[in-house]
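Right, one structure below, let's go through it.
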Amino acid sequence: MAPSLLLLSLPWPVRPGPLQRCWELLQRQLQQSWSRFVSPPWAPALAVQRPSILTELAHDTCENKENSSFLDSIFWMAAPKNRRTIEVNRCRRRNPQKLIKIKNNIDICPECGHLKQKHVLCGYCYEKVRQETTKIRQQIGAQEGGPFRAPSVETMVLYTGEKPSEKDQGKRIVERNIKRPSWFTQN
């Protein structure tokens with residue numbers, strides 16, 4: 001293997017000092033030591049190692065006079081070479097790990113009676129809570145008169161027939177003209 005050397009020239013100016021002196025000394029020594037060898041000007045090169053069979057194939061394709069590239073041979077290499085048997089396909093498709101697993105964690109919601117997963121809020125009950133919360137937020141927005149005007153006090157929701165207690169003094173009170181839902185606790 002022939003010795004190779006790469007000389008770098010910095011595009012930015014080097015500050016005067018020990019770094020510049022070392023750099024200039026290195027360049028001078030390299031130029032002196034390599035000046036006795038006759039070589040073409042240095043340029044980046046690409047070396048590719050490949051099997052010898054590819055060179056033989058390249059010589060064979062010259063006879064075809066077609067415009068072909070090495071990428072043409074890569075695409076057919078990735079194609080399947082043998083057909084899978086029906087037994088293998090069935091085993092692959094009907095793999096026990098791919099079958100739908102039976103859920104044993106399904107329970108009945110005690111509030112509404114719909115099916116739900118254990119330790120998860122029922123979807124129907126969640127929808128009721130979301131709708132009630134949306135109505136309360138709309139009422140609060142109408143009282144404030146716009147965004148960014150909310151007072152910095154705690155908000156309390158009172159339904160029909162409820163009165164604020166002594167500890168609720170100083171809180172912002174939102175009154176709803178309907179009966180309190182059973183799932184909406186007062187605390």
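Here the Cβ of each residue, glycine as well, is placed from N, Cα and C on the backbone.
Remark: CYS125 (Zn(2+) binding site) has CYS109, GLU111, CYS112, TRP183 as non-local neighbours, by Cβ distance under 8 Å and separation of at least 6 in sequence. DSSP classifies CYS125 (Zn(2+) binding site) as helix under the three-state reduction. Marked as Zn(2+) binding site by Swiss-Prot: CYS109, CYS112, CYS122, CYS125.
Sitting within 8 Å of the Cβ centre of CYS109, CYS112, CYS122, CYS125, and not among those site residues for Zn(2+), are the Cβ atoms of PRO110, GLU111, GLY113, HIS114, LYS116, LEU121, GLY123, TYR124, TYR126. Other Cβ atoms within 10 Å of the Cβ of CYS109 (Zn(2+) binding site), summed over all protein chains shown, number 15. With the fewest other Cβ atoms inside 10 Å of its Cβ, the least crowded of the binding-site residues CYS112, CYS122 in this structure is CYS112.
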